[in-house]
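Chemist: After the structure tokens below, expect a handful of questions from me.
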Amino acid sequence: MSAFQRLRQIALAIILTWGWKRALVAITAGALSVLALAPFNLFPVLFITFPVLVWLIDGAGAGRYRGIPAAALTGYWFGLGYFVPGLYWIGYAFFVDADVFAWLTPFAVLGLPAYLSIFTAIGFALARLLWTKNATRVLALAASLTIAEWLRGHALTGFPWNAFGYALSEPLPLAQTASLIGLWGMTFLTVAIFASPATLIDRTPDRRVAWRAPAAAVALLIAMSIFGAIRLSLHPTTMVAGAKLRLMQPNLQQDAKFNYAAKTEVMKKYLALSDRASGPQSTGVRDATILIWPESAFPFFLTREADAMAEIAELLPKGTVLITGSVRAPDLPRGTPITRAYNSIYVIDHDGSVLAVYDKLHLVPFGEFLPYQDLMEKLGFEQLTRVRGGFIAGTVRHALPMPGAPSALPLICYEAIFPGEVAGRNERPGWIVNLTNDGWFGISTGPYQHLEQARMRAIELGLPLVRSANTGISAVIDPVGRTVASLGLGVEGILDASLPAAIPPTIYARVGDVPAAVLVALAVLLAVRRRVAKRHP
């Protein structure tokens, strides 16, 4: 039996399977697909798993449940297989305060994937609606899953974590296509490219026809690699003159970050670590013009603690500013009970004055606020941060002015996973500053995934990314995605680096998701045309 005959035999077995066996195949395909993401980045595995999706939808008309419902159910099983191992690390957050939250772990580890799988079910159902018996069905699947992923990134508050397009974030030349079409365009190409081998089993008068889609996919990968290599060569890393960064990674335990009694020890550690010499020629914090501390750095309201502000002023040499995360109290008269707060970024001058403030816009559901907050609190529920009343969302994203350096686009924590989070068309910043606290997720795949997704924002926009993380991974990344310097996960230390310079705005920075929308629209139109032609030859 030839290799082609074996492939056809496997495909037919998948097409004809139903019941629990079909669910098992879909779940397995989803679980294996996670290997394409950070930290594994084994994207060739999708050449195996995505053709299986095509064959499963091919067989959605067989068995007890037929057509669109069968495709939707298959998509749901695939989603569970993909999201449970891809997001298992969420469970770590519930053990930070285990006495209160540990019992919720199985509900979170299974509940969030169960919700997100609704979107893969929608994608499969839409694909089946557009399905054909030729290679066009691959484009139908690519368009449908891209629409579903876009919905996942926007519905309610949105959660586009581990979107399929991130499978092409490594190697770096392939990721450069994101500068043209963004994450959703990369999602379309990911599905179209890796699902294409499914057509090898198609019965055609000319066997060469069955090879057209896989050949086109390989050609596209080669073209993307060439484009990426050229783009990387055209944009070597250059630095902003006079802008010297120092990132402080304290590797602080989560319980200390929310324990007011530990404020003295926390502040002492930050000050000592920030002024630590990084080498024989280092003079500590005097080496830097911009010192950066991570998200929600303190177990107190920073600007309401005069001693802490004075210590920061004493630490900073003249000409050096501090960018730090901190909870921020609303502007209320002193003595007024504080029931809610902002998750904020401060820019603080060497004399202890606040130069700029940004309040986080995209809050984490159940982490920073509860849906139906008042009702949920009455029922005894609270968010992981245990801030009564929940955090307040900011109102506008604006660039932070930076003395001696270009202005910075602020992103706090998972705001970096949302493509298109740009300050404004007329306010292009010089770099992205991302403060985060991935200590919630321990030593797991979560922080690696988070970094990879933040790096995609740099490539999309042509802006360098500077990322300060409590427990790692802190990094300085240039505007085409090269890592200039980094500190690993679970490491305490400081990172000294120059600030990479931005490059001219990318096509994606100029037009946003228009190219991705065009790709999806063309694929849908082609699929509809093929279906109409089949019914009315």
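In case you wondered, yes, glycine gets a Cβ from its N, Cα and C as well.
Annotations for this protein, taken from Swiss-Prot, read as follows:
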ACT_SITE  Glu295  active site, proton acceptor
ACT_SITE  Lys360  active site
ACT_SITE  Cys413  active site, nucleophile
DOMAIN    248-501  domain 'CN hydrolase'
TRANSMEM  10-30  transmembrane segment
TRANSMEM  37-57  transmembrane segment
TRANSMEM  76-96  transmembrane segment
TRANSMEM  107-127  transmembrane segment
TRANSMEM  181-201  transmembrane segment
TRANSMEM  210-230  transmembrane segment
TRANSMEM  507-527  transmembrane segment
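Help me picture where these features are in the structure shown.
Modeler: When other Cβ atoms within 10 Å of the Cβ of Glu295 (active site, proton acceptor) are tallied across all protein chains shown, the result is 24.
Cβ neighbour count for Lys360 (active site): 27 (other Cβ atoms within 10 Å of its Cβ, all protein chains included).
Look at Cys413 (active site, nucleophile): DSSP puts it in a helix.
Tertiary proximity for the transmembrane segment (76-96) is limited to same-chain residues at least six positions away from its ends with a CB under 8 Å from its CB atoms, namely 22-23, 26-31, 33-34, 37, 53, 56, 102, 104-106, 108-110, 112-114, 116-121, 124, 161-162, 254-255, 367, 384, 440-442, 444-446, 449.
Sequence-distant neighbours of the transmembrane segment (210-230) (same chain, 6+ residues past either end, Cβ-Cβ under 8 Å): 135, 138, 168, 171-177, 189, 192-194, 196-197, 199-202, 204.
Counting only same-chain residues 6+ beyond the ends of the transmembrane segment (507-527), those with a CB under 8 A from a CB of the stretch are 130-132, 136-137, 139-140, 142-143, 146-147, 178-182, 184-185, 187-189, 192, 419-420, 422, 428, 460-462.
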Chemist: Tell me, how many other CB atoms lie within 10 A of the CB of Cys413 (active site, nucleophile), whichever protein chain they belong to?
Modeler: 26
Chemist: Cα of Cys413 (active site, nucleophile) to Cα of Glu295 (active site, proton acceptor): how many Å, rounded?
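Modeler: With distance taken Cα to Cα, Glu295 (active site, proton acceptor) is 7 Å from Cys413 (active site, nucleophile).
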Chemist: Report, as numbers and ranges, which residues of the same chain sit near the transmembrane segment (37-57): CB under 8 Å and 6 or more residues beyond its ends.
Modeler: 11, 14-15, 22, 25-26, 29-30, 71, 74, 78, 86, 124, 127-128, 131, 137-138, 141, 162, 166-170, 190-191, 194-199, 201, 445, 448-449, 451-452
